[in-house]
Amino acid sequence: MNEKFSKIGFILAVAGSAVGLGNAWKFPTLVGQNGGSAFIVLYLLLTFLVSFVIFLGEIAIGKISEKDAVGAFESLAPKNKNLWKFAGFCIIGAILIFSFYSVIMGWILKYVVTSIYFLPNSMKESEEIFNSLLTKDLGTSIFYFTIAVLMSFYVVSKGVKSGIERLNIWMMPALFIFLIIMLIYSMNMNGFLDSAKFMLMPDFTKLNKDSILSALGLAFFTLSLGVGTIITYAASLPNKTNLLTSSLSIVFINILIGIMMGLIVFTFIFEYGGNPAQEGPGLVFISLITLFSKLGFIGNLFAAMFFISLLFAALTSAVSMIEPSALFLINNYKFSRKKALKFIFVFVYIMGILCILSYQSVTSNSLTFFGKSFFDCLDYLTSNLMMPITGIIVAIFVGFVMKKQSLYALFGLYMGRKLFLIWYFLLRFIAPVAVVIIMVNQLFFS
Ligand code: TRP
């Protein structure tokens, strides 16, 4: 028998997995580039028509089987069990994401520590500091990365209930409170109005064909689909949980935190004339931190609070990347939790170090493949190949292989027949086609 989450523990743990670095910079950047709320409308539409549909599919696989991802596919497939079992190995994707995600967590940790006493006051200085961390300071990078990895493993070593649930149950509300404090502070700045306009005023002319695909990709990434995480957490879902309202709350929290993050980040960008088009890590590690320095001492507190929030968001996602493989090793090889984690640790530690080395100038050449650093290769491999392929397999498996009655027995109570049939239709015919389209586009046209 698996350990079970409490009801609120489940919601917060899955929301914790979903809310992560994707919300901190992917979401605001894409919203900014694609016409503000026009993009949000599109994103919501695709979230409900595609990602949410697959999300419920993963919940069904996990809850009905109550097994780890590999065991779940194996036990639910009526025939060809050995073949379906392979779909469960998507959990490797979670470990690969963890390998580079924990490197970013290391950067965040370093920024939490240094921003208390020092903030760069020009973009140039800020850029130099960030670049030197990535390309020269091997010792510092490894040091903070190691702490980030140890923290994540420590939480998972305590198990689902006293580790993962306990972490999320205080860290998610704390994250939310920090964001509220920062948001209130931002509201008093002139940049807030511009930020709100930038994020919330729809400009449908800015939408293009790429917007649809980015929205779909984001909707997929941000719900942590396609790597066995949702399947694994759903295996510890307490009975009699209202699956519809809990899943909707998770999606709602995820969107809300993305919007709050965006409003805060862009208030500073507009207030101090930063560059809103700057993407990815540069947005926070280079631009934002310089802008905080303009506030004097309060800026240091603000910066520390901001990076702690990022750390919380990332840590609650990180633990959800380790648990799927841990549960698999525990169930299949009868490993103790400690032993399972030791195995996973060795693997991710090596992969993480390779990610770090692939940015260091001395070693970057030998760790570049097809013109991409090892770090970027892992990101590409997981986001563009492994996650969408598993998404398609989940849709087909739940839609065509699993029994419709058992799905109805699970969801019917909360959804009613009509909504269930709509979901079932979307799952079988719309979701897989949509994902194939994103994938083909990402692989061949971008
Ligand atoms: N949802 C996370 C974010 O927004 C990232 C993520 C993608 C993830 N796939 C995952 C997290 C799998 C946990 C497990 O940052």
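The backbone N, Cα and C atoms fix where each Cβ goes, glycine too.
Only residues 6 or more beyond the boundaries of the transmembrane segment (40-62), in the same chain, are considered here, and those with a CB under 8 A from a CB of the stretch are 31, 34, 69, 72-73, 76, 199-200, 202, 207, 211-212, 215-216, 218-220, 223, 225-226, 230-235, 237, 243, 247, 251, 255, 259, 391, 394-395, 397-399, 402, 407, 410-411, 423, 426-427, 430-431, 434-435. Per TrEMBL, the feature transmembrane segment maps to 40-62 (among others).
The feature transmembrane segment is assigned by TrEMBL to 83-109 (among others). If you look at the transmembrane segment (83-109), the same-chain residues 6 or more away from its ends with a CB under 8 A from one of its CBs are 20-21, 68-74, 76-77, 133, 141, 143-149, 152, 226-229, 231-232, 281, 285, 307, 310-311, 314-315, 317-318, 320-322, 324-325, 328, 344, 347-348, 351-352, 354-356, 375, 378-379, 381-382, 386-387, 390, 393-394, 397, 401.
Residues 98, 102-103, 105-110, 163-164, 167, 315, 318-319, 322-323, 326, 337-338, 341, 344-345, 348-349, 352-353, 356-357, 360 of the same chain, all 6+ positions outside the transmembrane segment (138-157), place their C-beta atoms under 8 angstroms from a C-beta of that stretch. Positions annotated as transmembrane segment by TrEMBL: 138-157 (among others).
According to TrEMBL, the feature transmembrane segment maps to 169-192 (among others).
Long-range Cβ contacts of the transmembrane segment (212-235) within its own chain (Cβ-Cβ under 8 Å, at least 6 residues beyond either end) map to 2, 5, 10, 13-14, 17-18, 20, 22-23, 26-27, 30, 34, 39, 42-43, 46-47, 50-52, 54-55, 58-63, 65-69, 72, 88, 90-91, 93-94, 97, 250-251, 254, 258, 317, 320-321, 323-324, 327, 382-383, 386-391, 394, 434-435, 437-438, 441-442. TrEMBL lists 212-235 (among others) with the feature transmembrane segment.
According to TrEMBL, the feature transmembrane segment maps to 247-270 (among others). Residues 11, 14-15, 18-19, 23-25, 27-28, 31-32, 40, 43-44, 47, 52, 55-56, 59, 172, 175-176, 179-180, 182-183, 186, 189-192, 194-196, 198-199, 222-223, 276, 283-284, 287-288, 291-292, 306, 313 of the same chain sit 6 or more residues outside the transmembrane segment (247-270) yet have a Cβ under 8 Å from a Cβ within it.
Positions annotated as transmembrane segment by TrEMBL: 297-319 (among others). Residues 13, 16-21, 23-24, 98, 101-102, 104-105, 108-109, 111-112, 115-117, 119, 148, 151-152, 155-156, 163-164, 167-168, 171-172, 174-175, 178-179, 181-182, 185, 224, 257, 264, 284, 288-289 of the same chain, all 6+ positions outside the transmembrane segment (297-319), place their C-beta atoms under 8 angstroms from a C-beta of that stretch.
The transmembrane segment annotation in TrEMBL covers 340-360 (among others). Away from its own ends, the transmembrane segment (340-360) comes close to residues 95-96, 98-100, 102-103, 134-136, 138, 141-142, 145-146, 149, 153, 156-157, 322, 325-326, 329-330, 333, 367-368, 373-376, 378 of its chain (Cβ-Cβ under 8 Å, at least six residues beyond either end).
According to TrEMBL, the feature transmembrane segment maps to 380-401 (among others).
What TrEMBL records for 421-445 (among others) is transmembrane segment. Residues 46, 49-50, 53-54, 56-57, 213, 216-217, 220, 384-385, 388-389, 391-392, 395-396, 398-400, 404, 407, 411, 415 of the same chain lie 6 or more positions beyond the ends of the transmembrane segment (421-445) yet place their CB under 8 Å from a CB of it.
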Legend entry - Contacting positions for the transmembrane segment (169-192) when only residues 6+ beyond its ends and CB under 8 Å are counted: 8-9, 12, 15-16, 19, 253, 257, 260-261, 263-264, 266-272, 302, 305-306, 308-309, 312-313, 315-316
